[in-house]
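Now, the feature entries from TrEMBL:
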COMPBIAS  142-152  compositional bias 'Basic and acidic residues'
COMPBIAS  153-165  compositional bias 'Basic residues'
DOMAIN    25-120  domain 'Transposase InsH N-terminal'
REGION    137-178  region 'Disordered'
Amino acid sequence: MYEFLSHRENQLLLPDDFFLPFGGKLSKENRWVKLARLVPWAHAEKKYAKSFRKSFRGQKAVSIRVALGALIIQERLQLSDRETVQQIVENPYLQYFIGLEGYQDHPPFHPSLMTHFRKRLGEQVLREINEIIAVEAAKSTPDSDRDDEPKSGRKSKGKRTTKRHSTSEEDPNQGVLLLDATCAPADVAYQPI
């Protein structure tokens, strides 16, 4: 059973409104606070809700903020399921990111639920959400890379030219390159039996 978040709950909590029992406020410049603004929570919730039956029986499902937020934290920090939950317990910024209203010193969910989050969202949905986040992050980042000016600030005085590889319309991107580093040679000496 999944209940959509009410309109009020679907809005982002401001970092100043996040309750910290030991005082202080969350910084608006923290990477997790910024990322929380970029994630398309409403779009993800529609996809997430499709994986549940329309039933009023059973335990209420974990919200999309917790499920997707935990998966993003795990991927960004390269953590195991248990370590992800432990990091969320220890870090108020991560608790803010997954949508909690205030700091709590106990786990918001059991580490075994991470498997269910991955199954319910699926690889395709996670890839789609990641693409949306990347596009939003590119929009919000100021365009400081200019090709016509050298990055060192010095202007070249000589006739030194460098060849740049330019992509033509004849050679468009053909897909995604997947690299596998598991097939690397290893000089391992085996003792005869």
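Quick reminder: no glycine exception, Cβ is built from N, Cα and C everywhere.
All TrEMBL annotations are machine predictions without curation.
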Taken over the domain 'Transposase InsH N-terminal' (25-120), the model's mean pLDDT: 89
The domain 'Transposase InsH N-terminal' (25-120), counted residue by residue under DSSP: helix, strand, coil: 55 helix, 1 strand, 40 coil
